[in-house]
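Engineer: Here it is, the structure, as structure tokens.
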Amino acid sequence: MGPTLLREDPLYRGVRQALLKAALPPDATLVLAWSGGQDSTVLLDLLMHLAPELSYGLVAAHIDHGMRPTSVRDAAFCRALARERGIALEVIHLTPGELSGQAAARQARYAALADLASQHRAAALLTAHHGDDLLESALMNLLRGSGLDGLASLRADALIPHRGATGRLLRPLLFAESADLSDYARRHGLTWVEDPTNAEDTYLRNRLRQRVTPALREIAGDLKPARRTLHNLEMERDAARHAADQLYQRARRPTLTPDARAFDAHTLLEAPRATATRMLLTLEPAWDAATLERILALLPRAFTTTPARHCVRGHLVWASHGRLSIEPCAERGAQDLLRRRAPLLRLPTTERGQVEWLGTRLRWSTLAARQVAPDCPQRPWRHLITEADWSQGLVLRAPRQGDRLEAQRPEGTTWHRDARTIFQSHHLGTDVRWAWPCLAHADDRLIWICGLAAEPFPRPHSPNARWVEVIVEPATALSAILQWQRK
């Protein structure tokens, strides 16, 4: 077939349009996954004409995973055809012992292809999935109880994460049917290898291909409307992902540790459940339906007097004080998180100095009585301590069970307030308290919960008494959390 007639071919026009729509950079290199079978050989033939026309480089990649008796034959066929037609070919050998089943083989195959694409600095990896594959994948996932992601799992233009980077995966034949590819191969005299496992009924995909798809075509006559439905579902899925991303941004709250995530529970409860579920899946795609239900069931507990927590699939989930916090854990039952303790830091009794504690900076200086009025209003992150108390030695630590602030009122009665009550009044849960800075006497009596509350009544002093002014510069996370919780 001459160049003019080829350009009129529907497959040629369709693949060309798909490549132009992808808006690849000039002089881009394409890596084609080539099994040697009919579909990928047809796409290879098309690309051999299109790549020079569009100024693309082309590399064919054949994966020999050794799982079939014919794998050596398939690799030899690809090498021979590549030599005959001047095709740049890379053959990648995988170890069969490392693969167990179709899913593992598929993951290993895509990982190897992504590695090769990265080595060639390819703009995209291409596969020969066609419209029948699209329909079969949707039917398989429908039978497995999948949602939108499964029903619209094959995209014409997709991203594949690999080794901390993201590659591009193009499927330029999704517009065509298997019969279209067979017709092209016949008209162009192409040769290919047959995969004998395609004739078996061991796998669900084969049974659908051999029995269900032909029956649907016989009933409906044309399956293009069904593929249009899948395309519509793909757009619905994109809209659902966008809604989940927006919910993530609206609901997200600051956390103490970089690998933790916290969300406003009220915002999640108000959102459609499907959107909240999809948002959680962005944190951990491996969570199953039961795990997601357990997490969402915790949301109402965030507004009760008793905080709740659950361990789910390698994560500790807290619901308290209007927040849902999710943090990865390394030990069973999240014991590594539940046992963590902030260090105790003994403060020097010098007249001036500063220390660092979990990202929080505490600095102090001694002032004469004339420099500060003892009854001056105290800012949340500033406190005055008598020099006599300071000289006895103080410690900076996290709050402890049973902590409470105590002070003598001017009339002689005792004032006290539980630290737990103070944290609750500021809507700060257990997931935050473990790293909150507190100032205490050496005998463990609490003086100040930094930024929240302190002894309110200054002790009697002489006109010549000296004071130590303590100023805390809270860690960025603490300040952000307190700001959000006050809202």
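Any Cβ shown, glycine's included, is placed from N, Cα and C.
TrEMBL annotations: computationally assigned, not manually curated.
Pasting the feature list from TrEMBL:
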- Ser35, Gly36, Gly37, Gln38, Asp39, Ser40: ATP binding site (BINDING)
- 30-210: domain 'tRNA(Ile)-lysidine/2-thiocytidine synthase N-terminal' (DOMAIN)
Engineer: Could you tell me which three-state DSSP class Gly36 (ATP binding site) falls into?
Structural biologist: coil
Engineer: So what sits near Gln38 (ATP binding site) in its own chain, CB-to-CB under 8 Å and at least six residues off in sequence?
Structural biologist: Leu181, Ser182, Ala185, Leu190, Trp192, Glu194
Engineer: State the count of C-beta atoms found within 10 angstroms of the C-beta of Ser35 (ATP binding site), not counting that atom itself.
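Structural biologist: I get 21 for this one.
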Engineer: At a 10 Å cut-off from the C-beta of Asp39 (ATP binding site), count the other C-beta atoms across all protein chains.
Structural biologist: 22
Engineer: Go through Gly36, Gly37, our binding-site residues, and report the one whose Cβ sees the most other Cβ atoms within 10 Å.
Structural biologist: Gly36
Engineer: Validating a neighbour-count step here. Other CB atoms within 10 A of the CB of Ser40 (ATP binding site): how many?
Structural biologist: 23
Engineer: For the recorded ATP site, enumerate neighbouring residues of the same chain (Cβ within 8 Å of the Cβ centroid of Ser35, Gly36, Gly37, Gln38, Asp39, Ser40, site residues themselves excluded), in sequence order.
Structural biologist: Trp34, Thr41, Val42, Ala128, Trp192, Val193, Asp195
